[in-house]
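Asks: What Swiss-Prot records for ASP201 is active site, proton donor, and it gives sequence analysis as the kind of evidence. According to Swiss-Prot, the feature active site maps to HIS223, an assignment based on sequence analysis. According to Swiss-Prot, the feature disulfide bond maps to CYS30-CYS45, CYS203-CYS219, CYS329-CYS334, CYS353-CYS362. Marked as N-linked glycosylation site by Swiss-Prot: ASN240. Per Swiss-Prot, repeat 'PbH1 2' is recorded for 209-229. Residues or ranges marked as repeat 'PbH1 3' in Swiss-Prot: 238-259. Under the heading repeat 'PbH1 4', Swiss-Prot lists 267-289. Annotated signal peptide per Swiss-Prot: 1-20, in sequence order, evidence recorded as sequence analysis.
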Amino acid sequence: MHSFASLLAYGLAAGATLASASPIEARDSCTFTTAAAAKAGKAKCSTITLDSIKVPAGTTLDLTGLTSGTKVIFEGTTTFDYEEWAGPLISMSGKDITVTGASGHLINCDGSRWWDGKGTSGKKKPKFFYAHGLDSSSITGLNIKNTPLMAFSVESDDITLTDITINNADGDSLGGHNTDAFDVGNSVGVNIIKPWVHNQDDCLAINSGENIWFTGGTCIGGHGLSIGSVGDRSNNVVKNVTIEHSTVSNSENAVRIKTISGATGSVSEITYSNIVMSGISDYGVVIQQDYEDGKPTGKPTNGVTITDVKLESVTGTVDSKATDIYLLCGSGSCSDWTWDDVKVTGGKKSSACKNYPSVASC
C-alpha cells in the first residue's frame, strides 16, 4: 500500500511534468509582435501569427528553417525601418509551409524612402521577399505595397503563389525602378495564380527553371511578361513554361524573351496564350538574342537556343511610336515555333528582324 507521503510526492512530480509541458503546448500556436521573437521562437510553433511587426532597420524578418507543416499568417500592418542595405526584408524556407494574409492586413515596405529612379544603382536598396527553399508550399492572399526593389525572389520547388497584390503604383511618380514582381530561378514547379501587379519592371521574369505556370495575371506599368535574360548563370535552362489568360497594360513590353549574347543555354516548350495588351510603349512581342551588360547590342548570337515556342491569342495595341513585333535571333537558334492568332497593332513594323522562323510575322 502506498503511503500518503509517496502519493503526495507522485502528485507533485506529475504536476511538475504537466507544468513543464504546458508552455510547449502553448507555443504550438504563436503570436509574435517583434522580428526578434519570431526568429527565436519559430521552430516551436505549428502556427505563427505575425501581428503588426515593425522590423528594425537592416534586419530580415527571418522565417527560414521552419518546421514542416507550419502555417504563417500576416496580421495587421507589417513595416520596416529604413537602412540602405541589400535585404531581404523577409526570408522564408521550409517544406509544406502555408502562408496567408489575414483580412485587412498590409505589408507596407514604404519603398519611396529608397527610390531614387536608379533601381539597382544609386542607393543600396533591399529586396523584399526571398522564397528560397520554400518547397511544396503556398503563399496566398498577401497585400504588399511599395517594395524598394524586386519583390519576390523564387528559388523553390513545387510552390504556389495565389492572389498576391503588389501595388507599387506610387513608384511611377516617385522614382521606383527595378521593382520586378516575381523573379524565378533554379526552380521546378512554380505556379503563380491571379496576381495583381503595378510596378516599374518585369511582372514576371524567369531566368531558369522548369514547369512554371503563370495564369490570370494583371500587370500594369512595368516591363511585361519576360523570360530572361537567359545565360551566364549556373543554370541557363528554361523549360516547360505556360503564361496565359493575363493582361499587360501601360508597360514597356507585353511578351518578351531575351538571351545573353555569347552565352549558352536553352529556352524550350514555352507557351504564351490569351495575352491581351494595351498602352505598350516599346514592343508588343519581342524575342531577342543580343543582350550584353543589360542592354541590346543588335548583334544576336546563337548559343542559347529558343525552341518549341507557341504564341496563341496574343492580341492588343501598342503606342504609335512603339514596335508591334521585334524578332532578332542568332543563326539557326530559333526553331519549331507556332503562332496562332497573334495580332498586335498600333505601332511600327520592324525592318531589323532576323533569323526568325517563317511561321512568325515581324
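Cβ coordinates come from backbone N, Cα and C, glycine included.
Worth saying up front: this structure is predicted, and the values here are computed from it rather than measured.
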Asks: With Cβ-Cβ distances below 8 Å as the criterion, list the same-chain residues six or more beyond the ends of the repeat 'PbH1 4' (267-289) that contact it, or say none.
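Replies: Distal contacts: 224-225, 227-228, 230, 238-259, 261, 296, 300-302, 304-319, 321-330, 333-334, 342, 344, 347, 356.
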Asks: Check the Cα distances from CYS329 (disulfide bond) to each of the recorded positions CYS30, CYS45, CYS203, CYS219, HIS223, CYS353 and keep only the ones within 10 Å.
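Replies: Checking each Cα against CYS329 (disulfide bond), the hits are CYS353.
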Asks: Using DSSP, how many residues in the repeat 'PbH1 4' (267-289) fall into helix, strand and coil?
Replies: 0 helix, 21 strand, 2 coil
Asks: Please give the average pLDDT for the repeat 'PbH1 3' (238-259) in this predicted model.
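Replies: A mean pLDDT of 99 is what the predicted model shows over the repeat 'PbH1 3' (238-259).
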Asks: Let me know the most crowded of the disulfide-bonded residues, choosing from CYS203, CYS219 and counting other Cβ atoms within 10 Å.
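Replies: When each Cβ's neighbours within 10 Å are tallied, CYS203 tops the list.
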Asks: Looking only at residues six or more beyond either end of the repeat 'PbH1 2' (209-229), which have a C-beta under 8 A from one in the stretch?
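Replies: Contacts of the repeat 'PbH1 2' (209-229) (Cβ under 8 Å, skipping residues fewer than 6 from its ends): 168-169, 172, 179-182, 184-203, 235, 237-260, 267, 270, 272, 275, 280, 291, 294.
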Asks: Filter the recorded positions CYS30, HIS223, ASN240, CYS353, CYS362 down to those whose C-alpha lies within 10 angstroms of the C-alpha of ASP201 (active site, proton donor); answer none if the list is empty.
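Replies: Matched recorded positions: HIS223, sequence order.
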Asks: Would you identify the secondary structure of HIS223 (active site) according to DSSP, in three states?
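Replies: Once the DSSP labels are grouped into three classes, HIS223 (active site) ends up as coil.
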Asks: Reduce the DSSP letter at CYS30 (disulfide bond) to three states and note it down.
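Replies: Reduced to three states, the DSSP call for CYS30 (disulfide bond) is strand.
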Asks: Can you tell me the three-state DSSP label for CYS334 (disulfide bond)?
Replies: strand
Asks: Select the closest residue to CYS219 (disulfide bond) from the following recorded positions, measuring between CA atoms: ASN240, CYS334, CYS353, CYS362.
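Replies: In terms of Cα distance, CYS219 (disulfide bond) lies closest to ASN240.
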Asks: Work out how many Å separate CYS30 (disulfide bond) and ASN240 (N-linked glycosylation site) at their Cα atoms, rounded off.
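Replies: About 40 Å separates the two Cα atoms.
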